[in-house]
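*Asks:* Copied straight from TrEMBL:
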BINDING   A:ARG210, A:SER235, A:ARG236, A:GLY266, A:ILE267, A:SER268, A:GLY269, A:ALA270, A:ILE271, A:GLN272, A:HIS273, A:ASN287  FAD binding site
DOMAIN    A:3-187  domain 'Electron transfer flavoprotein alpha/beta-subunit N-terminal'
Amino acid sequence: MSVLIFADQFQGKIKKAAFEAVQYGAKVAQQAGTTATAIVLGEADNAELAALGNYGAQKVLQVADARLNEIDSSVGAKVIVAAAEAENAQVIILSHNFDGRAIAPRVAARLQAGLVTGAISLPDTANGFTVKKTVFSGKAFANVNITSARKVITVMPNTFPLEKTDATATVEAFQAPVSDADFKVKATSVETVSGEIPLTEAETIVSGGRGLKGPENWGLVEDLAKALGAATACSRPVADSGWRPHHEHVGQTGLTVRPNLYIAIGISGAIQHLAGVNGSKVIVVINKDPEAPFFKAADYGIVGDAFEVVPRLTEAVKKLQ
Amino acid sequence: MKILVCISKTPDTTAKIAFTDNNTKFSEAGVQFIINPYDEWYALVRALELKESLGATVHLVTVGGADTEPVIRKALALGGDEAFRINADSQDSYYIASQIAAHARQQGYDLVFTGKETIDYNGSAIGGMVAELLELPFVSIAAKFELNGTTATINREIEGGEEIVQVELPVVVSCQKGMAEARIPNMRGIMAARTKPLTVVEPVAVEPLTSIVSFELPPAKAGVKMISPDNVEELVKLLHEEAKVI
Ligand SMILES: Cc1cc2nc3c(=O)[nH]c(=O)nc-3n(C[C@H](O)[C@H](O)[C@H](O)COP(=O)(O)OP(=O)(O)OC[C@H]3O[C@@H](n4cnc5c(N)ncnc54)[C@H](O)[C@@H]3O)c2cc1C
Ligand SMILES: Nc1ncnc2c1ncn2[C@@H]1O[C@H](COP(=O)(O)O)[C@@H](O)[C@H]1O
């Protein structure tokens, strides 16, 4: 028996969310008195692979096949299932990131393994195998018992802080049972928003709403974000009006983010917006209306005009550093 | 071309979340139910656009009790041609996906659309499972879908960017924002929906693999600390020293 973790890479770099999944998987393995093996699909350099050991993987399986650099969920699932069989893995862990959400359900259905997506706790094995996940878009949690022998879990990103150790992993090549005919989904282009931090991985986010009046005022948000090393986000009407790109929209119908710090500027705090950000550890709200609902969900608040407060805040942040 | 859109019923986005029966059941008292926004705004509307431009037939499927019928009727009013309700409580993702896959196997679809996730269970699981059970390719969290003959070009979100992929039909796609613009049903649609076929299908025998033991509400926030707009240095200090997030 063992625990198998899918460690997701992008252009040769292991994603932060993948380290989090490995660390989670290593803890599950420890609980069960077994070992944790990570699997990496596609080409990645050796230092990256060995670094998985820093987060608890004893062994890393690598499928250094260029065809796997981009993910086709069906091929990804096939390889992971083959590795699970080879390693006799009872528990399979992935990140609840984009690739994890594409592959995990396939792995689960293929193995007839119960699946919990977006786990925010380690399994409680006192009475079954119960994992806590967010439901109702962050407004509640459910404790879900996996009743099948095999189990698949996706781990909510930015939930388990990384604890790096000096341990290293042994890296082995894994022969994937795939042929060209298995590749049905072909990536024709990959566009990255260059230089920016992916919102779902960001530890600090500065977000703007309709209170900023127009796209010409976004320098305010960007300057503060830059001073903090933060990513930028926005409310839905802001993206819908084309003031900001769609991929910055957070909330019920946009991205769910869980940063350490979320600073909301000129956002009223509608329940659909909160649904995407209520997992943030600390929320700061800057709004000129003392009655704005967002203050109820905030840890720190400033009632004031964003156009006056935010530049001052940016200066104060710069001074700290 | 035959398209299947998977429709689920969820509490309205503003519904109060509370639980009964010792925190084992969602309290439906006073809750309005809607079509899951991703299913309605993106999956269904994109399917309807394809129907209008290419002449497809759009089927709807939901796994649920009779209480899901108003939601299915609304989806018909928006323009779906025919609906199937698989008469079972939606137990877990694997159970629901198995029901949808059994239906799809029997009907044969060129395209299966689901939403990105349900806003109540937040599973993001059904689409991938249906694809695996049907042995079809799956493209998750798609923001754009174009069809040229039998080749689909799909934009899918990835961390910090977007990937454009090509795949031959049949395919299963989970849909998010960007796929289409939300529509509202018109009077003609609502009238027509009354007479459109809604077939009740009995479920196939499948064992669920997970069960919800209990629900919890998040702990209440300690309360917001207000800071004077003239003293932003205080906020920076608190974030640095107290909250330790900067
Ligand atoms: C089904 C559904 C799904 C939805 N999904 C989402 C979602 O995913 N994400 C999302 O964000 N919304 C979503 N919405 C929309 C949501 O209900 C709100 O309409 C939206 O979040 C409001 O955006 P806002 O706060 O930017 O704008 P507003 O509500 O207009 O608020 C602007 C705020 O700025 C403040 N303000 C104005 N001027 C200043 C100033 N000079 N300085 C400081 N503050 C100022 C105002 O006091 C106000 O509080 C959804 C709605 C529905 C029905
Ligand atoms: N009971 C159901 N009946 C039909 N389709 C469903 C049901 N539950 C979920 N779906 C579909 O699967 C998608 C993802 O759901 P989930 O995996 O539960 O987050 C939804 O957006 C729907 O399109």
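These residue numbers are counts, starting from 1, taken along the chain as shown.
Every residue, even glycine, has its Cβ placed from backbone N, Cα and C.
Bear in mind that TrEMBL entries carry predicted annotations, made automatically and left uncurated.
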*Asks:* Please list the binding-site residues from A:ARG236, A:ILE267, A:GLY269, A:ILE271, A:HIS273 whose Cβ falls under 6 Å of any atom in ligand 2.
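*Replies:* None, by Cβ distance under 6 Å.
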*Asks:* Looking only at the domain 'Electron transfer flavoprotein alpha/beta-subunit N-terminal' (A:3-187), what is the mean pLDDT?
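*Replies:* Within the domain 'Electron transfer flavoprotein alpha/beta-subunit N-terminal' (A:3-187), the model's average pLDDT equals 96.
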*Asks:* Chain B sits near which of the binding-site residues A:ARG210, A:ILE267, A:ILE271, A:HIS273, counting only a Cβ gap under 8 Å?
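*Replies:* Near chain B, the qualifying binding-site residues are A:ILE271.
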*Asks:* Mind telling me which of the binding-site residues A:ILE267, A:ILE271 has the densest Cβ neighbourhood, counting other Cβ atoms within 10 Å?
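*Replies:* Sorting the candidates by Cβ neighbours within 10 Å, the top entry is A:ILE267.
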*Asks:* For A:ARG210 (FAD binding site), name the DSSP secondary structure in the helix/strand/coil scheme.
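*Replies:* In three-state terms, A:ARG210 (FAD binding site) counts as helix.
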*Asks:* Inside 10 Å of the Cβ of A:HIS273 (FAD binding site), count up the other Cβ atoms and send me the figure.
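*Replies:* 27, counting other Cβ atoms within 10 Å of A:HIS273 (FAD binding site).
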*Asks:* Just the binding-site residues from A:ILE267, A:GLY269, A:ILE271, A:HIS273 whose C-beta lies under 6 Å from any atom of ligand 1, please, or none if there are none.
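*Replies:* Near ligand 1, sequence order: A:ILE267, A:HIS273.
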*Asks:* Which is it, of A:ARG210, A:ARG236: the one of these binding-site residues whose Cβ has the most other Cβ atoms within 10 Å?
*Replies:* A:ARG236
*Asks:* Quick one: what's DSSP say for A:GLY269 (FAD binding site), helix, strand or coil?
*Replies:* coil
*Asks:* Under 8 Å Cβ-Cβ from A:GLY269 (FAD binding site), six or more apart in the same chain: what's there?
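*Replies:* When sequence neighbours closer than 6 are ignored, A:GLY269 (FAD binding site) has A:VAL285, A:ASN287, A:ALA292, A:PRO293, A:PHE294, A:PHE295, A:LYS296, A:ALA297 within Cβ distance under 8 Å.
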*Asks:* Max Cα-Cα distance in Å among A:ARG210, A:SER235, A:ARG236, A:GLY266, A:ILE267, A:SER268, A:GLY269, A:ALA270, A:ILE271, A:GLN272, A:HIS273, A:ASN287, the residues listed as binding FAD?
*Replies:* 18
